[in-house]
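In what follows, a structure is listed as structure tokens, so that the remarks can point back to it.
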């Protein structure tokens, strides 16, 4: 269950004053009403609280929520236990199905022209499989021949990703905590529709959420290891990025994990270590919070006017005993706004 603790303030002063035909309103009063409306909407912190999970799964690390809009199905992964889950949101939790893999899958996307398949960023590379499972194929491995010989693939894995408006699939790779500790040895990759594969960034610690501004002139890329979401100038035609700067810096002890965007351009960020998802305006201001009953939310996805939140198993149960019960579960909250539509990857498989 999700409770709306502070209903949003929607002043109608401007509407009433400017539309009443029998009232002659001075321009100064209309201007005041507009300013008042803006100030009220900017100053109001909207708060939600989730008390229990939608799916009480206890995943090792649930991640990558994705809404298959046409079938109203939520897809997500458990990286630690090497599973991909799908649940029909009309039928509810009893419809949950899982696919098990030999290697971890961290992020998924839709494939244009292949409705029965999905694209994934896996431990060793980018691949695809049927939504019914059982036929995974690798399209592109991440690392060079020299890196392969040095054993880098074993100690790394994918973590997050996204598809841009041109159908290019972006995937971050990080040190696999099952094999080693986090170090700035990760990278950000991009697979283009023509099959060209690019390493865009090196020196990434924990690459996470990726998104683009409405005009597609800015790309946002998260490095949880730096507690930051970075902004880059983005060339839509070439996919090149430049001019790195900090867009959002989280407090000590927390870190921005996965994020999604709503139709107004706001960021909905899973703030790892904080017990909450935060809504951040395009200007970088926190305007809302969704409190969850576990410490480490990991990612967020919209399905209609609801958000679905994944989470990680609690690694410090003695220090945070109240976080343990629902850690690794999937949460739902009705937030009254819709997400920015996702794009299918334009890859030949």
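Along the chain as shown, residues are numbered 1 onward.
For all residues, glycine too, the Cβ spot is worked out from N, Cα and C.
The active site, proton donor/acceptor annotation in TrEMBL covers 257. In sequence order, 208, 209, 222, 224, 269, 270, 271, 272, 297, 298, 299 are the residues of the chain that are 6 or more apart from residue 257 (active site, proton donor/acceptor) and have a CB within less than 8 Å of its CB.
The DSSP secondary structure for residue 257 (active site, proton donor/acceptor) is strand. For 63, 208, 257, the entry in TrEMBL reads divalent metal cation binding site.
The feature substrate binding site is assigned by TrEMBL to 157, 159. Non-local contacts of residue 159 (substrate binding site) by the CB criterion (under 8 A, 6+ apart in sequence, same chain) comprise 63, 106, 107, 121, 172, 173, 174, 186, 206, 207, 208.
The domain 'SMP-30/Gluconolactonase/LRE-like region' annotation in TrEMBL covers 61-311.
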Would you identify the secondary structure of residue 159 (substrate binding site) according to DSSP, in three states?
strand
Beyond the site residues 63, 208, 257: chain residues whose C-beta lies within 8 Å of the centroid, for divalent metal cation:
159, 160, 206, 209, 222, 224, 258, 270, 272, 298, 299
Under 8 Å between C-beta atoms and at least six apart in sequence, can you list the same-chain neighbours of residue 157 (substrate binding site), or say none if there are none?
79, 104, 106, 122, 123, 173, 174, 176
